[in-house]
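Feature annotations, reproduced from Swiss-Prot:
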- 1-87: region 'Modulating' (REGION)
- 52-77: region 'Disordered' (REGION)
- 88-108: zinc finger (ZN_FING)
- 124-148: zinc finger (ZN_FING)
- 154-182: region 'Hinge' (REGION)
- LYS166: SUMO cross-link (CROSSLNK)
- LYS171: SUMO cross-link (CROSSLNK)
- 183-417: domain 'NR LBD' (DOMAIN)
- CYS235, SER287: all-trans-retinoate binding site (BINDING)
- 254-258: motif 'UBR5-degron' (MOTIF)
- LYS347: N6,N6,N6-trimethyllysine (MOD_RES)
- LYS399: SUMO cross-link (CROSSLNK)
- 404-419: region 'Required for binding corepressor NCOR1' (REGION)
- 408-416: motif '9aaTAD' (MOTIF)
- 420-462: region 'Disordered' (REGION)
- 444-462: compositional bias 'Low complexity' (COMPBIAS)
Amino acid sequence: MASNSSSCPTPGGGHLNGYPVPPYAFFFPPMLGGLSPPGALTSLQHQLPVSGYSTPSPATIETQSSSSEEIVPSPPSPPPLPRIYKPCFVCQDKSSGYHYGVSACEGCKGFFRRSIQKNMVYTCHRDKNCIINKVTRNRCQYCRLQKCFDVGMSKESVRNDRNKKKKEAPKPECSESYTLTPEVGELIEKVRKAHQETFPALCQLGKYTTNNSSEQRVSLDIDLWDKFSELSTKCIIKTVEFAKQLPGFTTLTIADQITLLKAACLDILILRICTRYTPEQDTMTFSDGLTLNRTQMHNAGFGPLTDLVFAFANQLLPLEMDDAETGLLSAICLICGDRQDLEQPDKVDMLQEPLLEALKVYVRKRRPSRPHMFPKMLMKITDLRSISAKGAERVITLKMEIPGSMPPLIQEMLENSEGLDTLSGQSGGGTRDGGGLAPPPGSCSPSLSPSSHRSSPATQSP
């Protein structure tokens, strides 16, 4: 009778009850075939082997330790089937296991943990009965948290988990040493200052709201669009000011400065507004304090881009980026040698290298036990570029939806760099503030030139 393979020890070189057992390269323990019940062993000792080998009795095992007969193993047991969890009890997404008492996905697990650890208080803007599924789970934190409780997630499990982590011995730090040299420290401070001077933090703003189309999505709310486009224009100006303060940026040719600004402007705008995301209310705040919910952002002009931007904002939350990290990531987005039509891509790469090194050292100094955070931040640049590509498409459709013309600076900044000559050659092609200056051949429109004096220190950005 074959024994249960899961309880058999894995054979290796040595003896089993005094009998030599050759090693087998099976992942699962092999089953030894042909073993008869003990009572029948004596009568079978002198019979010819049925399957090409003999089955020795205990006595034979003791007296034939030098025998050349082999014991042929049976085929290994099949590997166990992978564990299949029920879908997430909260949103029905793919579950990653049992978390805090129920089958849950990584998203709902993290949301519940953060909500309990930070004692979050959410508000439902509807009737406190929102449908929570994979698509809608980020729209109402109040109802999502209530559903977490309804399906059985445990507060105590979160607290116990946190206490357990506190008692654990600290993990050894990464063996690689990251020294914050004076040069790197000075670069970080310059970028931090450039970011803070052109983009005030959320805690510095006096937030206010508007009731315009806050409940139902429409194709475009003209009043919201007018306000949003005004703030976006100011934000573009502030982005240019930020670029001019980055070490080495103004040493590039004017054409390369314009190419980089046009290519990265939307990346930086999205990154900046997403750092002003408030998950409790599912809102974003502009630099004048205007705070819009998801529906209002859609109606202000974001349209189909809205959910992508809010999803990205949620992905930034676990990174807990400060001003230095946001500024460095913005600078890396901007000063990037793989942009098309650069005159000096090698010089741009040389300017980017110290920024990458500064971000790596700063992130790993700030989070010594989490070495994976630096690559995770860099991966956000790929996400930003993907959203920006869709944002450029959205600008094209917006031109057909808005009653008037697109604000000149927004249109000019989001035009492909190949369209510069066309823009420059237009009569009356000046912006609201820059006038209709005609640039010399090979240069760019003056409204985008980093040397332009259009911006004012008092101007705020979104």
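Glycine is treated like the rest: Cβ placed from N, Cα and C.
Quantities reported herein were computed from a predicted structural model and do not represent experimental measurements.
Annotated features, which come from Swiss-Prot, shown on the structure.
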{"residue": "CYS235", "record": "all-trans-retinoate binding site", "DSSP (3 states)": "helix"}
{"residue": "SER287", "record": "all-trans-retinoate binding site", "DSSP (3 states)": "coil"}
{"residue": "LYS347", "record": "N6,N6,N6-trimethyllysine", "DSSP (3 states)": "helix"}
{"residue": "LYS399", "record": "SUMO cross-link", "DSSP (3 states)": "helix"}
For LYS347 (N6,N6,N6-trimethyllysine), nearby residues of its own chain (Cβ under 8 Å, 6 or more apart in sequence): LEU252, ASP256
Least buried by Cβ count (within 10 Å) of the recorded positions CYS235, SER287, LYS399: LYS399
Distance from LYS399 (SUMO cross-link) back to SER287 (all-trans-retinoate binding site), taken between C-alpha atoms, in Å: 25
Alpha-carbon distance [CYS235 (all-trans-retinoate binding site); LYS399 (SUMO cross-link)] in Å: 20
For the zinc finger (124-148), residues assigned helix / strand / coil by DSSP: 8 helix, 0 strand, 17 coil
